[in-house]
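Trainee: Relevant sequence annotations retrieved from Swiss-Prot are reproduced here:
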- CYS3-CYS22: disulfide bond (DISULFID)
- CYS15-CYS40: disulfide bond (DISULFID)
- CYS44-CYS56: disulfide bond (DISULFID)
- CYS57-CYS62: disulfide bond (DISULFID)
Amino acid sequence: RKCFNSPGRLVSKPCPEGNNLCYKMSNRMYPPGFNVRRGCAETCPRRNRLLEVVCCCDTDNCNK
């Protein structure tokens with residue numbers, strides 16, 4: 001699997017073995033594009049804050 005894994009400029013990198021999901025985490029308090037985290041995961045991460053949005057997907061570079 002390959003996922004985007006940078007907060008700013010979109011850079012796609014291969015995921016470590018066993019990490020078959022891509023995720024994107026953002027916060028509704030910030031304008032779109034700010035405070036975004038992307039990466040690979042074994043399971044879909046849980047949100048840490050009330051206004052946090054987590055999206056998970058299972059195809060290459062799906063976390064744009």
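Every residue number used here counts from 1 along the chain in the order it is shown.
Cβ coordinates come from backbone N, Cα and C, glycine included.
Since we're looking at a predicted model, the values are computed, not measured.
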Trainee: To the nearest Å, how far is the Cα of CYS56 (disulfide bond) from the Cα of CYS22 (disulfide bond)?
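Mentor: With distance taken Cα to Cα, CYS22 (disulfide bond) is 6 Å from CYS56 (disulfide bond).
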Trainee: According to DSSP, does CYS3 (disulfide bond) sit in a helix, a strand, or coil?
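Mentor: DSSP call for CYS3 (disulfide bond): strand.
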Trainee: Could you say which of the disulfide-bonded residues CYS22, CYS57 has its Cβ with the most other Cβ atoms inside 10 Å?
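Mentor: That would be CYS22, with the highest Cβ count within 10 Å.
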Trainee: Sort out for me which one of CYS3, CYS40, CYS56 has the most neighbouring CB atoms within 10 A, since those are the disulfide-bonded residues we care about.
Mentor: CYS3
Trainee: Tally every other Cβ atom lying within 10 Å of the Cβ atom of CYS15 (disulfide bond).
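Mentor: For CYS15 (disulfide bond), the 10 Å Cβ neighbour count is 18.
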Trainee: Do any of CYS3, CYS57, CYS62 (disulfide-bonded residues) have a CA within 10 A of CYS15 (disulfide bond), and if so which?
Mentor: CYS3
Trainee: Taking just the CA atoms, what is the gap between CYS3 (disulfide bond) and CYS40 (disulfide bond) in Å?
Mentor: 6
Trainee: Between CYS44 (disulfide bond) and CYS22 (disulfide bond), how far is it from one CA atom to the other, in Å?
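Mentor: Distance (Cα to Cα, whole Å): 8 Å.
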Trainee: Restricting the comparison to the disulfide-bonded residues CYS22, CYS57, CYS62, which residue's C-alpha is spatially nearest the C-alpha of CYS40 (disulfide bond)?
Mentor: CYS22
Trainee: Mind telling me which of the disulfide-bonded residues CYS44, CYS62 has the densest Cβ neighbourhood, counting other Cβ atoms within 10 Å?
Mentor: CYS62
Trainee: If you measure CYS57 (disulfide bond) to CYS22 (disulfide bond) at Cα, how many Å is it?
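Mentor: Pair distance, Cα basis, whole Å: 5 Å.
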